[in-house]
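S.K.: Pulled these from TrEMBL:
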- A:12-37: transmembrane segment (TRANSMEM)
- A:57-77: transmembrane segment (TRANSMEM)
- A:89-105: transmembrane segment (TRANSMEM)
- A:111-130: transmembrane segment (TRANSMEM)
- A:142-168: transmembrane segment (TRANSMEM)
- A:188-212: transmembrane segment (TRANSMEM)
- A:224-256: transmembrane segment (TRANSMEM)
- A:276-299: transmembrane segment (TRANSMEM)
Amino acid sequence: MQSFVINLLNGVSYGLLLFMLSAGLTLIFSMLGVLNFAHASFYMLGAYVGFSVAARAGFWSALVVAPLIVGLIGAALERWLLRRVRAHGHLAELLLTFGAAYLLGELVKLGWGLSALSATLPAVLDGPLFTVYGTAFARYRAFMMVVSLAMLCALYAVLCVSKAGLIVRAALTHASAVEALGHNVPRVFTGVFAAGTALAALAGVIGAPLFVIEPGMAESLGSIVFVVVVIGGLGSLGGALAASLLVGCVQTLAVASNLSLGEVLSMFDASLPAEWDALTLAQLAPLIPYLLLVAMLALRPRGLFGRRDDHV
Amino acid sequence: MSDAHESSAPPAPSASAPRSFWRGLAPWLALILCLAVPPFIWPQSWLLAYLAQTATMIVFALSYNLLLGETGLLSFGHAAFSGLGALVAAQVFNRVGVPLVLLPLVGGIGGALCGVLFGFISTRRAGTAFAMITLGLGELVAAAAWTLPDWFGGEAGVAIDRASGAPWGSWSFGPAREAYALIAGWCLLACVAMFALSRTPFMRVANAVRDNPVRAAAIGCYPRRIRCGVVVASAFFAGIAGTLALINVELVSTESVSMVRSGAVLIATVIGGTAVFFGPVAGAAVLTFFSVAVASVTRAWPFYLGLFFIMVVVISPDGLAGFAQRHSARVAAHGWRRCRAAYLWGMAAALLWTAAIVLTVQWAYAAQFGVDDGAALGGTGGMGALRWLRASPLGLGGAVLMLAALGGLPAHYAIRAQALLAARRSSASPATGDAR
């Protein structure tokens with residue numbers, strides 16, 4: 001239990017990473033009405049591009065360059081492909097991003113090979129920051145939290161204070177009126193899509209040292225991000241934040257715990273067959289986000305802060 | 001699951017004119033011919049395995065289209081139904097000893113039971129929310145299959161011995177031929193049943209729910225109940241498809257519920273086209289062609305499949321079936337003589353550009369993954385040329401550019417011929433045409 005604080009901090013940092021991904025996803029969803037299925041692939045692309053840039057120009061420039069490159073790729077996808085299929089409805093757009101995810105996964109395999117890569121940390125960020133009860137909290141995780149929070153504040157400031165944010169928010173709800181005022185709404189869409197993918201790439205660059213860079217990283221994190229977005233309520237930025245922190249903390253705590261399923265159930269006077277009881281919570285950790293999703297849908301189908309829009 | 005009883009319904013719709021009757025019957029005859037004739041001509045085992053995979057995929061894609069095409073529900077976790085249905089079938093077969101002939105029915109019932117459970121959870125919302133919920137459920141099942149013991153027998157999976165059941169007449173189903181006959185028979189039966197189901201009033205109501213749920217609710221049907229019913233029916237047929245795969249490979253493993261399989265059925269259905277009943281059949285054939293035939297030649301097959309999928313979504317969102325329909329209507333309107341030029345030039349451009357893309361992709365894959373993979377590109381004839389290309393990327397770039405430029409020429413002519421056709425049509429009748 002002494003390491004609870006550290007685990008909680010680790011969980012929060014993981015949750016903030018999840019939020020960086022789900023924020024971009026939510027932004028694109030509420031703007032374009034399409035759930036970008038390729039979002040996690042842009043995360044992966046960001047990690048790979050960041051790896052290549054960091055190998056030549058160092059970690060700090062990768063932090064800037066990789067999101068720019070991936071954001072440009074995202075803008076190109078929106079401009080040349082997504083805009084073409086928009087006339088056919090949201091289903092075609094979702095399918096297009098699904099195909100893009102598929103193709104991006106193959107391109108990454110083609111460009112960087114199948115083997116796993118490991119990103120290197122700059123010396124400043126290596127090592128423990130502080131120790132609580134003998135357990136160290138990594139300096140890098142603190143850096144991750146700082147970047148995520150800074151990104152969150154910047155996003156909030158841009159959306160709520162600046163004029164660009166005003167146009168974006170207006171285009172969300174009254175696209176034709178904004179267009180009539182002389183703003184180029186399709187370009188705003190492209191910009192939002194590019195910003196969302198750039199956020200995903202930033203998360204990729206930052207998250208890469210924590211995980212291994214491999215072609216399967218998009219699938220492993222992607223579905224969790226979608227779960228987060230659904231739990232938080234589709235299109236709600238605050239919900240995405242809450243759900244990210246929830247999923248991040250619960251999953252990290254489950255991985256770190258050494259309880260078994262039988263011990264947990266015995267608290268409720270329940271029991272299962274022996275081989276089920278022997279399962280540890282750490283083994284079950286991959287299931288937890290999905291179980292949370294099912295529980296959430298059973299209790300509150302629109303998610304934490306979702307609107308009741310297409311509830312028919 | 002009442003749809004299982006409707007399998008005896010006639011395959012063709014009530015046709016007023018004999019011409020439209022034959023037109024409705026033609027795809028069925030083609031399907032039967034494609035499934036039945038090749039094994040007699042080339043009785044090799046790989047062909048039987050290939051056809052069995054295609055038949056399985058056909059049932060799977062058609063069951064998926066009940067959701068996507070008929071009800072407008074995009075699901076990312078359809079493999080859960082087929083995998084769990086197959087799992088139930090395997091366990092029942094190993095423990096109780098059901099005759100193998102009836103095993104797909106058992107798998108279907110297993111799938112439908114999962115459909116009841118999942119449909120209850122997921123059909124509260126339609127649209128994007130439904131897609132995300134099915135994604136979560138699919139991932140849940142896939143992760144549970146890895147984690148939980150004695151469900152999937154861990155990494156090894158649950159194996160069956162299809163010859164161990166009670167023989168059916170003189171057939172033990174041990175040889176691949178007999179198993180294939182069973183699979184093909186069940187495939188046809190399931191196709192007929194799904195066709196009959198798609199003509200029922202229930203499916204018409206499902207179409208109404210797809211097109212306008214608010215109005216459908218206003219006239220007194222519960223969209224949620226309808227969606228749930230469709231999920232159950234679709235899960236039933238997905239369970240049959242999973243069991244057919246089980247009979248084919250005698251194993252159900254964690255791969256049977258994986259997201260890869262869910263993605264594959266989505267790709268097959270969309271490529272084929274969701275608006276036409278036989279669209280998913282064509283899509284299943286295309287997908288199996290890519291994943292078996294192309295995959296045996298090059299490891300770049302997922303890339304080609306993804307590219308083809310994106311092209312279909314961008315150029316013809318109603319799939320191959322919609323594409324064929326549109327163009328056959330055009331040929332019928334103009335006569336094939338007038339359309340000939342446009343199609344010939346278009347085909348030439350498509351061929352040249354495909355060659356350019358294939359050359360580039362093969363070169364890239366060979367550069368990344370070693371020399372042996374690109375070798376199969378041009379068969380034996382193109383080998384020398386390919387080796388030269390690999391030796392000089394500059395020459396390759398030149399060749400690709402030349403091919404692309406050469407492709408541009410017929411494309412230009414094709415566009416001109418299309419414009420001519422469109423102009424002729426608009427002068428003949430003021431209808432709007434789709435000149436691409």
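Heads up, the Cβ atoms here are built off N, Cα and C, so glycines get one too.
Automatic prediction, not curation, is the source of TrEMBL annotations.
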S.K.: So what's near the transmembrane segment (A:224-256) in sequence-distant terms, Cβ-Cβ under 8 Å and 6+ beyond its ends?
M.R.: 3-4, 7-8, 10-19, 21-23, 25-27, 29-30, 35, 39-40, 152, 281-282, 284-285, 288-290, 292-293, 296-297, 302-307
S.K.: Going through A:89-105, A:111-130, A:188-212 one by one, which has the most CB pairs that fall under 8 Å from the transmembrane segment (A:142-168)?
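M.R.: That would be A:188-212.
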S.K.: Residues of the same chain, at least six outside the transmembrane segment (A:188-212), with any C-beta under 8 angstroms of its C-beta?
M.R.: 14, 17, 20-21, 23-25, 27-28, 31-32, 36, 39-40, 42-51, 54, 62-63, 66-75, 77-79, 82-83, 116-121, 140-141, 144, 147-148, 151, 155, 167-168, 171, 178, 221
S.K.: Counting only residues 6+ away from its ends, which parts of the chain sit with a Cβ under 8 Å from the transmembrane segment (A:12-37)?
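M.R.: For the transmembrane segment (A:12-37), the nonlocal Cβ contacts are 43, 82, 90, 93-94, 97-98, 100-101, 141-142, 144-145, 148-149, 151-152, 155, 168, 171-172, 188-189, 192-193, 195-200, 202-203, 206-207, 210, 221, 224-226, 228-229, 232, 234-237, 240-241, 243-249, 251-252.
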